[in-house]
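Visitor: Okay, so Swiss-Prot annotates it like this:
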type    : residues                                             : note
BINDING : GLY8, LEU9, SER10, GLY11, ALA12, GLY13, LYS14, THR15 : ATP binding site
BINDING : ASP59, ILE60, ARG61, GLY62                           : GTP binding site
Amino acid sequence: MRFVIVTGLSGAGKTQAIRSLEDLGYFCVDNLPPTLIPKFAEACYKTDGRINKIALVIDIRGGEFFDNLFESLNYIKDQNYKYEILFLEASDEVLVKRFKETRRNHPLSSGGRILNGIALERSRLKEVKDVASNIINTSKFTNMDLRQEITRIYGDGDQVEAQLTITVVSFGFKYGIPLDSDLLFDVRFLPNPYYIPELRNFSGNDKPVYDYVLEFNQTKEFIGKLNDILEFLIPHYTEEGKRQLIVAIGCTGGRHRSVSIANSIYKLLEEKGHKVNIDHRDIHEDNNKGGKKL
């Protein structure tokens, strides 16, 4: 089991660090009182490996509870529970700038003076910093820089950034666009199988409709261009730390054209090794209804 205790100066990036650890598959707990660490560690170690990556944030917000940190750490060490301490810090100048940008008060500031709070916190955390397994100074870090450093230290072996999950959603404009879509494409310019009597009652999941939609040159050209766009965007989205990409394909009713195109794009992405899901949101809707959906 890997048991990571995240602590450090307020404003140094503990929230971003715990989010990054969560993306790496860690079970995360924020602001756990140090007095509860022994029981928490014991419970985790009793899961027989079901939980094998733990991260928890301990910081000065715990008030007087924070003074019990070393007592708790000594106890779990005596129980042969292994742990690591990640300490985050930054320069005074950067911390002041971050607090002013967020318009938040430092938890230890006296009379509203941020620098006073930073100085007091540095003093109180010195002993913790001295025994930290890893110290990261985030003064010159972007969120992405910190994420990459966390991945380097706490990822599994050669683990890289978590893979982007792509969800291809087909939908009908008459029921409203998917509110969570990142990229949205309108395929109502394609020939509509709805007006072919023998195809009307089928959907884009059925071969007759799928073949009909994809037989047109404009369909083939569109799929090719859309595939090119996605192959260009996906690496850049991944590099910027995006974890989910919703690609919405819409036609009038969400049963024929959008389903066919979504299925085609899904297959192309899957064949290229992308982590991809598909959701035909409106495929079972009665096309005579006009209710809006999310």
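Placement of Cβ uses the backbone N, Cα and C atoms for every residue, glycine included.
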Visitor: Could you check what DSSP calls GLY8 (ATP binding site) once collapsed to helix, strand or coil?
Guide: strand
Visitor: So which one is it: of the binding-site residues SER10, THR15, which has the fewest other Cβ atoms within 10 Å?
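Guide: Ranked by other Cβ atoms within 10 Å, the binding-site residues SER10, THR15 bottom out at THR15.
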Visitor: List the other residues in this chain whose Cβ sits within 8 Å of the Cβ centroid of the ATP site residues GLY8, LEU9, SER10, GLY11, ALA12, GLY13, LYS14, THR15, in sequence order.
Guide: ALA17, ASP59, LEU88, GLU89, ALA90, THR138
Visitor: Suppose we draw a 10 Å sphere around the Cβ of ALA12 (ATP binding site). How many other Cβ atoms does it contain, all chains included?
Guide: 26
Visitor: Please report the distance from the Cα of GLY11 (ATP binding site) to the Cα of ILE60 (GTP binding site), rounded to the nearest angstrom.
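Guide: Computed Cα spacing between GLY11 (ATP binding site) and ILE60 (GTP binding site) is 12 Å.
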Visitor: Nearest of the binding-site residues to ILE60 (GTP binding site) by CA-CA distance, picking from SER10, LYS14, THR15?
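Guide: Sorting the binding-site residues by distance from ILE60 (GTP binding site), the top entry is SER10.
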Visitor: Rounded to an integer, what is the Cα-Cα distance in Å between THR15 (ATP binding site) and ASP59 (GTP binding site)?
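Guide: Distance (Cα to Cα, whole Å): 11 Å.
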